[in-house]
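Lifted from TrEMBL, the feature list:
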- 21-38: compositional bias 'Low complexity' (COMPBIAS)
- 756-925: domain 'PROP1-like PPR' (DOMAIN)
- 21-41: region 'Disordered' (REGION)
- 270-304: repeat 'PPR' (REPEAT)
- 305-339: repeat 'PPR' (REPEAT)
- 340-374: repeat 'PPR' (REPEAT)
- 410-444: repeat 'PPR' (REPEAT)
- 445-479: repeat 'PPR' (REPEAT)
- 480-514: repeat 'PPR' (REPEAT)
- 620-654: repeat 'PPR' (REPEAT)
- 690-724: repeat 'PPR' (REPEAT)
- 776-810: repeat 'PPR' (REPEAT)
- 811-845: repeat 'PPR' (REPEAT)
- 846-880: repeat 'PPR' (REPEAT)
- 881-915: repeat 'PPR' (REPEAT)
Amino acid sequence: MRRCSDFLTTSSNLTAPHLLLSRRPSSSSSSQTLTLDDPPNPNPIPLLHSILLSDPNWTQNPNLPHLTLTLTPTNLASLLQSQPVLNPKTALSFYEWIGKAPNFRHSLHSYAPLLSLLVRSNLHGPADRIRIAMLKSCTSAEDVRFALDHVLGHHRDRHPDAKHVLRRYNTILVALAKFSMVGDMVRVYRRMREDGILPSVFTYNAMINAYCKLGKVSRANVHLGSLFVGGHEPDTFTYNSLVLGYCRGMEVDEASRVFGVMKEKGCRRDEFSYTILIDGLCKNGQVGEALKLFSEMEGCGCRANAHTYCVLVDALCKENRFEEAEGMMDEYDSKGLVRNVVMYNSLVGGYCKGGKVDTALKVVGSMVEKGCKPDSWTYTMLIDGLCKEGRLNEAEGLLSEISKKGFVVRVATYNALIDGYCKKGNMDAAFKILEVMAENGCELDAQSYNELIHGLCRERKMYKGMALLSTMLESGLSPNIVAYNSLIQGHSEEGDIDSAFRLLKLMNGSGLAPDQHTYSLLIDALCKAGRIEEASALFDDLDQSSIKANEVIYNALIHGQCKKGEIDAALSTLEKMVSAGCLPDSYTYNALIGGFFSEKKLTEAMSIVNDMVERGVEPTVVTYNILINGMVKKGDLGDAKRIFEQMVSSGCKPDACTYTIFIHAYCSEGNVEEAENVIEGMIKAGISLDVVAYNSFIDGCGNMGLLDKAFSALKRMADAAYEPNYQTYSIFLKHLFKRNHAEKIAVSAAEIWKVVHVDTILELLDQMIAYGLTLCISNYQVLVAELCRRGRLEEARILVSRMKESGLSLNEAIYTSLINCCCSLQLYREASTYLYSMIGHGYLPHIRSYQLLLSGLCDHGNVEKAKLVFSYLLGRGYNFDEIVWTILIDGLLKKDHFHAFSEMLSIMEERQCSPSPETYALLRKEYPSLENGLQKEMKG
């Protein structure tokens with residue numbers, strides 16, 4: 001089984017900064033030092049046996065103090081099991097005596113043989129006491145089952161008093177209820193009735209409460225009926241349980257009805273009755289009703305407890321009613337009650353969720369001043385809040401601080417940091433948290449994996465996300481639908497729609513049903529790929545499933561149809577949307593407006609705008625941007641300005657895209673000065689230029705021959721923490737190329753990479769340095785990628801050499817570009833060299849690189865070499881299903897390399913790397929000629 005640590009060594013560049021966390025110091029009391037003077041502990045059993053059998057006054061024996069230091073529960077159990085002739089009363093007396101010793105505590109295993117001895121001796125009363133002690137000592141469901149075997153195993157011992165037997169059964173039910181073991185409770189209850197024991201109100205309450213805690217009130221009502229039939233009346237505990245059950249099932253109206261019945265029946269409503277219903281109302285969003293009920297408590301002779309206040313403080317904070325929450329806590333103080341950590345945590349959590357982390361930190365400071373110690377949950381909420389605000393360094397520092405203080409850091413705390421780093425796109429730091437967790441003995445949970453998978457997908461590292469999915473499944477954890485949707489979205493955005501649908505089958509096979517978001521992703525992906533017919537077919541298939549199309553699904557289809565120019569089909573989909581009771585929103589109208597503008601149907605576009613307003617849908621900044629851009633493309637800059645003014649007067653704030661449209665328009669006219677005025681107005685409005693805006697301005701400057709001004713803009717762009725992208729470099733290279741050629745050859749930005757000389761690229765880098773920019777790996781990464789995409793390997797290598805000379809090392813992206821370029825040029829030896837070097841530097845090669853290499857080797861008849869490379873990759877941590885999908889199906893079968901496919905699938909089987917049954921089913925469906933071979937593989 002692949003361990004997560006194995007995956008880490010290949011999935012993430014290990015150069016990210018380590019979190020400076022120390023392991024929790026181990027307690028000095030947890031280890032004992034053995035000196036040379038310490039005698040070895042003798043076996044206490046013979047001595048104890050001798051004392052209890054031969055000495056009637058054993059309590060006076062001088063060896064007993066020594067026994068209390070050496071005797072263990074296991075020793076005691078062994079004594080009774082090996083000496084069945086021991087007097088039961090003597091054994092019971094000794095059990096009671098040793099149980100009072102400060103360093104001895106009975107276990108389930110020490111109680112069990114004593115219970116057997118007492119039952120055999122018909123000592124019913126003492127046996128019952130041991131049964132109760134045994135059940136009360138249980139700390140887990142496993143303990144209860146062990147105790148149950150012994151308690152019920154000796155149960156039919158014909159105790160003369162039915163009351164004692166009833167008490168015994170009730171104790172068993174309470175022990176089972178503690179761990180929600182309702183199925184076992186039902187079996188015990190049935191056995192009780194078979195034994196002829198009549199249940200008491202306590203018995204019925206135990207059964208009713210157990211079901212109500214699970215929200216299964218209908219089952220609880222069966223026992224309520226039996227309670228009435230048995231001649232009993234419900235008490236406060238009975239009604240409280242029913243109120244709880246209805247609240248857990250989100251049937252708050254029914255809970256309120258039962259609460260009212262209590263008053264009608266004259267049954268006292270205590271603080272628990274009120275608190276349960278108040279909690280239910282709050283969770284149902286009825287905080288006003290909860291506060292009203294709270295105000296009635298004191299008048300009804302009921303005093304609110306700490307939990308009541310905690311519930312209300314938490315609910316008020318969730319609604320951002322912080323002043324009222326603080327007032328509630330002040331009221332609590334005025335009653336002479338002391339705030340506990342749970343109450344403070346409600347306030348801290350509320351402020352953190354409301355984006356007021358600094359206020360939460362002040363609350364924690366006040367908490368400490370008043371002598372209430374924060375717990376690990378307090379710090380978890382603070383760390384989570386800091387992460388959500390992007391204050392990761394502070395969160396990391398707080399984690400380090402609490403670790404040093406000896407707090408047991410929960411997995412939820414680590415997950416907050418993992419999530420924060422993933423959202424920042426810093427996956428290296430996220431994976432470093434896993435190392436810290438391992439050092440501190442904290443295991444990943446499903447949430448940890450789900451967040452990492454989502455983060456990898458956002459960074460387009462799908463093969464790593466799939467590899468982590470494998471690790472997660474091998475750890476016995478189940479991915480949730482969010483993880484699968486992330487993988488589906490990632491594959492879709494990479495253009496690998498086939499694998500997105502394969503994941504859908506994998507998800508179904510794992511027992512997870514796709515939701516609306518799943519289908520919206522798939523329909524959107526098909527539309528963006530221009531596969532409108534398939535998207536429409538998938539949309540129509542929703543009628544046959546339990547999934548109802550929502551506005552997101554409709555919008556995805558309408559947007560795709562408009563992009564392809566199928567406006568009539570989009571309008572037809574809009575009609576379906578309205579008839580299905582799904583109201584169009586701004587996204588719907590924006591897609592249609594953009595579609596009409598693309599078809600140069602301006603009248604129809606404006607008609608949609610009017611319809612949008614008439615239906616009460618406010619135009620958004622995107623709507624105005626579409627209109628402004630449409631007017632600019634039409635060549636009507638005056639109308640574009642008028643729409644801009646209308647936009648501002650309507651209270652809709654322009655964004656960077658709005659200003660960029662005007663910057664691009666003025667630059668296209670050669671009016672750089674006016675473009676600068678737009679930039680000035682943009683800055684005054686508090687809006688930062690983005691990469692697109694900078695690129696538009698830089699291109700405008702270049703067109704006017706103002707390269708000095710263009711490079712100055714690039715410097716401002718870098719100072720604003722925006723990295724140049726492919727378009728930025730294309731623009732500069734286009735203008736440098738034009739300047740360096742006397743014949744003034746016109747070359748577009750898209751074509752420049754085919755013709756530009758490497759000297760021009762090096763000139764660009766030198767100019768960047770001259771204007772004060774510091775070159776880093778990301779600058780070279782973009783340049784190398786574009787050269788490799790055009791098959792210009794030698795030029796890419798020159799840049800890599802320049803990069804190395806400046807002290808920079810190849811990163812994952814540059815290795816990938818070089819490998820893929822070598823494969824496209826059929827230089828498979830060089831590709832293999834780069835691939836193994838990449839692995840040696842701690843990177844996991846992209847699975848597509850393996851696909852190109854292996855399919856290329858097979859294309860040239862070098863199947864044996866391909867098999868060696870394939871065998872090597874199986875140990876690198878990739879997802880086995882994705883290996884089959886990407887390499888064996890897309891790489892080999894689609895090129896008719898059936899023999900190579902069969903041999904490599906056999907290698908997977910021999911190495912115990914088999915894909916899922918869903919993938920085998922996919923192969924049989926798409927390649928029925930392989931049926932016999934696949935059956936053999938599956939049997940193997």
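Note that the numbers count up from 1, one per residue, in the order the chain is shown.
Every residue gets a Cβ built from N, Cα and C, even glycine.
Owing to the predicted nature of the structure, the values given are computational and were not obtained by experimental measurement.
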Tally the residues of the repeat 'PPR' (846-880) by DSSP class, grouping H, G and I as helix, E and B as strand, and everything else as coil.
28 helix, 0 strand, 7 coil
Are there residues at least six beyond either end of the repeat 'PPR' (480-514) with Cβ under 8 Å to its Cβ atoms? List them, or say none.
446, 449-450, 453-454, 456-458, 460, 462, 465-466, 469, 472, 521-522, 524-526, 528-529, 531, 546-547, 881-882, 885-886, 890, 916-919, 921-922
Tertiary contacts of the repeat 'PPR' (881-915) (same chain, 6+ residues out, Cβ under 8 Å):
463, 466, 496, 498-499, 502, 506, 847-848, 850-852, 854-855, 858-859, 863, 866-867, 870-871, 873-874, 922-923, 926-927, 930, 933, 937, 940
Distal contacts, the repeat 'PPR' (690-724) - CB-CB under 8 A, six or more residues away:
656-657, 659-660, 663-664, 666-668, 670, 672, 675-676, 679, 682, 731-732, 734-736, 739, 749, 767-768, 770-773, 778-779, 782
Per DSSP, what is the residue tally for the repeat 'PPR' (690-724) in helix, strand and coil?
26 helix, 0 strand, 9 coil
What residues elsewhere in the chain lie close to the repeat 'PPR' (776-810), defined as a C-beta under 8 angstroms and at least 6 residues from its ends?
723-726, 729-730, 753-754, 758, 761-762, 765, 768, 817-818, 820-822, 824-825, 827, 837-838, 841
Average pLDDT across the domain 'PROP1-like PPR' (756-925)?
94
